[in-house]
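Take a look at the structure set out below.
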């Protein structure tokens with residue numbers, strides 16, 4: 001696992017957006033060979049999306065031959081509801097770039113057969129091959145997408161019961177009314193995520209510090225879903241200063257020295 005320590009959320013967003021653009025442009029996607037990008041919702045990526053829109057407007061990247069898969073969606077909320085992840089991504093990113101709508105893939109939490117929807121999503125990903133780059137966030141309890149503590153590392157896209165802690169955290173998007181937050185959601189599984197060629201996890205804010213500590217210094221443990229990323233050959237955890245307060249000083253220094261040495265080699 002690679003860990004990048006930055007000072008604040010602005011620097012995190014600049015790093016992540018710059019890396020996404022570099023990956024797309026280096027890949028040189030075409031209509032027959034698109035770049036497969038996994039994206040999250042929530043508060044963590046908002047600044048990253050703003051940066052990506054600005055860079056697109058400046059002509060530094062095109063999303064014409066990019067195919068997007070999202071991580072999760074609530075069950076029982078319509079796609080045009082302001083609290084739906086579909087609506088969120090359209091408002092904050094999709095509607096501002098040159099991507100074809102048929103290249104944007106969402107889970108549908110309003111279908112009659114939810115299990116079939118999960119199978120359909122897995123097959124759709126497989127029809128393209130493995131996702132080239134999956135961007136994600138992490139919850140303060142270590143959940144990734146809606147893979148709550150206790151999730152199997154072999155899990156696939158499925159229906160997931162949301163914990164009270166997750167619903168309390170997400171209540172800010174529902175006028176701070178926990179009773180308005182759905183109790184169930186569709187989510188990609190941890191195994192689905194781990195099949196991606198590369199993963200970047202954004203961790204910002206002191207409330208993510210315990211999860212960051214578990215991901216970097218802790219053992220692989222299903223009570224901290226983020227720890228599964230220790231199995232992945234190419235994962236980068238991007239942290240602001242506040243999210244690192246639970247780490248040992250020697251851990252921070254170790255990864256900072258690695259990053260300095262990497263920069264010397266590759267620059």
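The backbone N, Cα and C atoms fix where each Cβ goes, and this holds for glycine too.
Quick caveat, the model's predicted, so the values are computed rather than measured.
Now, the feature entries from Swiss-Prot:
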type	residues	note
ACT_SITE	72	active site, proton acceptor
ACT_SITE	141	active site, for ring-opening step
ACT_SITE	143	active site, proton acceptor
ACT_SITE	148	active site, for ring-opening step
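Cβ neighbours within 10 Å of residue 72 (active site, proton acceptor), excluding its own Cβ and spanning all shown chains: 22. DSSP assigns residue 148 (active site, for ring-opening step) to coil, not to a helix or a strand. For residue 143 (active site, proton acceptor), the number of other Cβ atoms no farther than 10 Å from its own Cβ, over all displayed protein chains, is 25. Under the three-state DSSP scheme, residue 141 (active site, for ring-opening step) falls in the coil class. Rounded to a whole number, the distance between the Cα atoms of residue 72 (active site, proton acceptor) and residue 143 (active site, proton acceptor) is 12 Å. The Cβ of residue 148 (active site, for ring-opening step) has 21 neighbouring Cβ atoms from other residues within 10 Å, across all protein chains displayed. Looking at residue 141 (active site, for ring-opening step) and residue 148 (active site, for ring-opening step), their Cα atoms lie 8 Å from each other.
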